[in-house]
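A.B. asks: What follows is a single structure, and I will ask about it in a moment.
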Amino acid sequence: MMKVSLREMLLQHRFTLGILIALIIFQIVLSSIFPYFTKYIIDDVLLQHDLSKLRDVIVIAIILILVQIPLNIGVSYYCSLWTQLIIYDLRQDISEKFLERKDNADDNGLFINTITSDCELVGNQLLSIILNGFPNLLLIFLYAAILLQLNTKLTIISLVIVPLYLLVSYMTSKKVYVLSKELQGNRDKLIEFLNSYVRNKLLIDLYKLNNTEKERFQAATQKVKNSNVKANTILSFFGNISGLISVVSPLIVLFIGSFMVIQKQLSLGTLIAFNSYISLLFSPLGKTLNILPMFSQMKASIERIETANYLNKNINTGLYSETMLPDNQQVRVRNVIPYIGEEPLLGSPLSFSIFKNKIIQIVGPNGVGKSIVLKTLINYFDNFSGCVEIRKDLNIVYVPQENFLFEGTIQKNMTKGLSHYQETDISYLVDLLKFDLSLDTVVSPFNITLSSGQLQKIKLIRAFLSNPDVLLIDEAIANLDREILQRIIDFIQEKKVSVVFVYHGDISSFFKYGEFEVLDLADYNPRCLC
């Protein structure tokens, strides 16, 4: 389980955060001076008819404005930099956990949503909390100090409304937290649907399921819409209440202050300055109280990141090791039972060996575990009991049944991940398998136009270029004609490569008697026995 620590996130880039906080403090202190100019202008300039003092105010104001411009640029830059560093680190941590897991196709939707949505939300909300927290608390302290200095009585009267603010903020934050989790769950389901729809588009069209899928899509988007409406309504309500309070409060101050001015308890300049500060006070106060709803949204995303378990969900941990084996033995499987979760895939343990220059065909009904056995031999599937031993420095190459392409040319796909290969070997294998497309053809994983047979040939050429000692072929020859199959088998025997392959067809006609063995997994599963 991944642990997201707010403290670590804050301290991980503390130098950048420190610069940001220092700039914000400087910015706040300078900006808090401006409203005080109104008191000075009214009481010392206008009422005393002394325009000479106005020049000093204008000069100071211009200097403060000029200083504020680079300050604002600096704050904006370091806000963006710090936020993106946090988001980048989160994405790296999540992707590392996701990629560490060997078989994670079922979690693709959750991974995409967490990377694209939750990381952005956590980073931006954390920045908003910082910007709405420390700077606004400092502003509240400065404004309150100035208000008390201007008039204590009027300050106390003005702050009576604060408890109402706190109550509304607390109630809003609780509701936002619940709605945020609901919204994230609905978004996950929408992404899962979209992933399924894209993968199964052909079958949807063939089975005439377009209307059914359209209804499912509408239902999923409807739930997202409803959750968004509820969440945005709550946040908008809180914003409107905050705005109403910030509008009403200065009016109350103005009413009460007017009586105090008439009764000579307050100067006109002090009242106007006080009213300016009280108007300004409710802006940082509202932003500070917004921290609770924002924290609730961020908390929901953090919880989902933490509970997204991308680690292998293993019940059993079998022994997979490199060891010294007898000269003609390359792989030894002893008492192996693969598990799906807690359920054993086989009724009795599987034991067999792969010897040099031997060919084994694995057969059995669908779902018996043929592909899983191959993945166990390369330690890609490790939820098993028993023992798999391979000879030290043995090069095992696995050819999956899934068709895939990387962005780039066909030749790049044939040599992906290989540090050493000969161009002459590529040409030979292309001729051997009768691959009839130009190797410079650019292909994409998002728009696969190659046939299944062509895709299988690319995978096989890539495997042969790896110079395997043992080759595992997982139904990757099913779409090849008999001539190509015979060429592949002859090539394998010529190179003295050991092969284990899953293939449903009859291959006996390609071999002489005794040149290959058959491993029937139905013999190890009582449910498959008739």
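Glycine residues also receive a Cβ, built from the backbone N, Cα and C atoms like all the rest.
Quick paste of what TrEMBL says about this protein:
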| type | residues | note |
| --- | --- | --- |
| DOMAIN | 19-297 | domain 'ABC transmembrane type-1' |
| DOMAIN | 331-529 | domain 'ABC transporter' |
| TRANSMEM | 15-37 | transmembrane segment |
| TRANSMEM | 57-79 | transmembrane segment |
| TRANSMEM | 126-148 | transmembrane segment |
| TRANSMEM | 154-172 | transmembrane segment |
| TRANSMEM | 237-262 | transmembrane segment |
| TRANSMEM | 268-289 | transmembrane segment |
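Structural setting of the listed features?
C.D. replies: Tertiary proximity for the transmembrane segment (126-148) is limited to same-chain residues at least six positions away from its ends with a CB under 8 Å from its CB atoms, namely 6, 9-10, 17, 21, 24-25, 27-29, 32, 36, 79, 82-83, 86, 154-155, 158-159, 274, 277-278, 280-281, 284-285, 287-288, 290-291, 294-295, 298.
Beyond its flanks by at least six residues, the transmembrane segment (154-172) meets 144, 147-148, 234-235, 237-238, 241-242, 245, 249, 252-253, 256-257, 260, 266, 274, 278, 281, 285-286, 289-290, 292-293 of its own chain at Cβ-Cβ distances under 8 Å.
Taking Cβ pairs closer than 8 Å, the transmembrane segment (268-289) reaches residues 35-36, 38-44, 47, 131-133, 135-137, 139-140, 143-144, 146-147, 150-151, 154, 158, 162, 165-166, 168-169, 242-243, 245-246, 249-250, 253-254, 257-258, 260-261 in its own chain, all 6 or more past its ends.
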